[in-house]
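What follows is a set of notes on a single structure, which appears directly below.
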């Protein structure tokens with residue numbers, strides 16, 4: 001759709017009031033990138049509501065490393081860049097779990113209906129002006145199904161990107177994993193984690 005197309009006034013107001021919200025389909029929650037808060041955005045995007053803030057993530061960092069002056073779970077500048085421990089602790093606090101996907105498994109074994117959403121960790125090249133630096137920062141990206149359609153809710157996108165059905169998600173994941181440095185976290189309920197039913201064994 002045209003980014004400038006008016007949505008229903010009420011929903012559009014609800015979306016823009018938060019700041020950093022995109023003009024995607026009205027039913028899809030999508031936060032856009034601020035500072036280095038991609039882990040916070042990925043959590044909120046995968047959960048489809050604003051449950052976490054930079055302050056909440058910083059609290060988790062303090063809890064994970066109470067005695068360290070330089071917290072190992074975020075950037076030295078305190079602008080975010082949170083690591084996987086923060087994401088896992090945040091999900092645990094909601095009674096959810098994160099399971100690493102073993103990239104050696106065929107994606108056909110991924111039982112997508114059992115999975116709430118996915119959080120990918122991708123290398124993100126750093127650029128200063130026109131120079132692309134060889135530094136690799138890590139970037140967190142959420143994938144989630146809303147009303148039967150899977151979306152890429154990358155906070156760097158201006159609007160959610162439609163991936164389509166399960167085949168679309170598998171194709172997206174296969175392409176990301178083929179590039180090498182991608183890690184995939186499955187966001188599941190505690191029950192699904194315990195039963196291991198995110199994995200198809202048939």
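Using N, Cα and C of the backbone, Cβ positions are placed for all residues, glycine too.
Fair warning: this is a prediction, and the values are worked out from it, not measured in the lab.
So that you can see what the record holds, here are the features copied from TrEMBL:
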- 38: active site (ACT_SITE)
- 139: active site (ACT_SITE)
- 154: active site (ACT_SITE)
- 25-202: domain 'Josephin' (DOMAIN)
- 1-27: region 'Disordered' (REGION)
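Per-residue pLDDT, averaged along the domain 'Josephin' (25-202), amounts to 84 for this model. Cβ contacts within 10 Å of residue 154 (active site), excluding its own Cβ and spanning all protein chains shown: 22. A 10 Å cutoff on Cβ-Cβ distances gives residue 38 (active site) a total of 28 other Cβ atoms nearby, all chains included. Separation of the C-alpha atoms of residue 154 (active site) and residue 38 (active site): 8 Å, rounded to the nearest whole number. Within 10 Å of the C-beta of residue 139 (active site) there are 20 other C-beta atoms, taking all protein chains into account.
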